[in-house]
Amino acid sequence: MIEKQHIIDRFKSYVTIDTESDPNSNTTPSTQKQWDLANKLVEELKQIGMEDVTIDDNAYIMATLPSNVSHPVPVIGFISHFDTSPDFTGANVNPQIIENYDGKDIVLNKEQDIVLSPEYFEDLLLYKGQTLITTDGTTLLGADDKAGITEIISAMEYLINHPEIKHGKIRVGFTPDEEIGRGAHKFDVEKFGAEWAYTMDGSQVGELEYENFNAAGAVVTVKGKIVHPGYAKGKMINSMYIATDYINSLPRLETPEHTEGREGFFHLHNIQGTVDETKIQYIIRDHDREHFEARKEMLEELANDINEQHQREAVTVEIKDQYYNMREKIRPMMHIVKIAKKAIEEVGIEPIMKPIRGGTDGSQLSFMGLPCPNIFAGGHNFHGRFEYVPVESMIKATEVIVKIAELTAQDISKFKSEEE
Ligand SMILES: [Zn+2]
């Protein structure tokens, strides 16, 4: 139904344009080069026949596929991002096509001896016999999230060419700067005007996600007292020892390397210390909102305990919330997840539903008033030279979008029946 070579060509035309974002820039988009792809996407959306195609001053793109039915249907949206991660270069991407993958090592780069091996990346074996797109070993691929863009545009094109498929009004949104955490920041939810949307930004074929971490960052500052070491008795206070006490008082097993599933953690990711002052940085993650709040309190209480013990303001804690679990916003409208799940099943894929141990743009958008579960885009090993995407997964994702459009225009009350 969806033509394979067409998907490959479209995907290649996007990934060969460098759109790396930059966390050190204050502009939106964070890099000028993101306009190169943004402008191309605007032209392409117009060319396939989308209506109301707009791009704003910050390079946020929106477009409409009008409804082709007369009865009222909720307006839904599909969203992906066109920037790539600053973790690895996205310049001069040279995609390699591996047809009929045989399940063995893939030599990405002979000269530099860079091999993509199923011994290390077992997921490769899921795609035996399929067509893989890989890098040449020197850049990332950018399937994150140009696979998502390929799928959304291809699905819209398909719907336009197949008016016998009935659907409501569909909105499309492409954003810059997702990889530096700002994709949702300037997203005009009101202008988008959808009741709900899906980000096409997941990984393995079948993934459907509507739970993510609650997230905060904490900076713990410990003040000491510097005195000449030779004359320090009873006077010097070494902030690094107090900091060590602080660190050791937190539950040692509630760390990223000891947790999985819905288990939360404290992640110590930076320490900088002198006798006079030590700064300790944590990120706090928990799927459960109450546990999340309790973790933040624990950081404060621990500081209070130490201050009492030292009878001075030795430790101060500054905590900033980063994002929240979208589950809170999606639970009251579980039909939006059920529709996606049904769509995935109908294209012959087993849905994989697991909590995300991270955040998505969809979690921010959900709290901005646009509930937004995340669906697979098909790529693996994001943000590095081993990134790859099976073409068959991109085709499946395209079909899922078409299916969701179709299901939403039918009687959706059956999906609402056992809503929580
Ligand atoms: Zn992404």
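Placement of Cβ uses the backbone N, Cα and C atoms for every residue, glycine included.
Note: TrEMBL annotation is automatic and uncurated.
Listed features, source TrEMBL:
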ACT_SITE  Asp83  active site
ACT_SITE  Glu178  active site, proton acceptor
BINDING   His81, Asp144, Asp201  Zn(2+) 1 binding site
BINDING   Asp144, Glu179, His383  Zn(2+) 2 binding site
DOMAIN    210-309  domain 'Peptidase M20 dimerisation'
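A map of TrEMBL features onto the structure.
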residue	record	DSSP class
His81	Zn(2+) 1 binding site	strand
Asp144	Zn(2+) 1 binding site	helix
Glu178	active site, proton acceptor	helix
Asp201	Zn(2+) 1 binding site	strand
His383	Zn(2+) 2 binding site	coil
Which listed residue (Asp83, Asp144, Glu178, Asp201) has most other Cβ within 10 Å, given these are recorded positions: Asp83
Among Asp83, Asp201, His383, the recorded positions whose C-beta sits under 6 Å from ligand 1: Asp201
Shell list (Zn(2+) 1; ref centroid = CB of His81, Asp144, Asp201; cutoff 8 A): Ser80, Asp145, Gly148, Glu178, Glu179, Thr199, Met200, Asp361, Ala377
Proximal but sequence-remote residues of the same chain as Glu179 (Zn(2+) 2 binding site) (Cβ under 8 Å, at least 6 apart): Ser21, His81, Asp83, Thr84, Ser85, Pro86, Asp87, Asp144, His383
Integer Å distance between the CA atoms belonging to Asp201 (Zn(2+) 1 binding site) and the residue listed as 'active site, proton acceptor': 10
Local confidence of the domain 'Peptidase M20 dimerisation' (210-309) - pLDDT mean: 96
Additional residues surrounding Zn(2+) 2, by Cβ distance to the Asp144, Glu179, His383 centre under 8 Å: Thr84, Ser85, Asp87, Leu140, Asp145, Phe382
Which listed residue (His81, His383) has most other Cβ within 10 Å, given these are binding-site residues: His81
Per-state residue totals over the domain 'Peptidase M20 dimerisation' (210-309) - DSSP helix, strand, coil: 38 helix, 31 strand, 31 coil
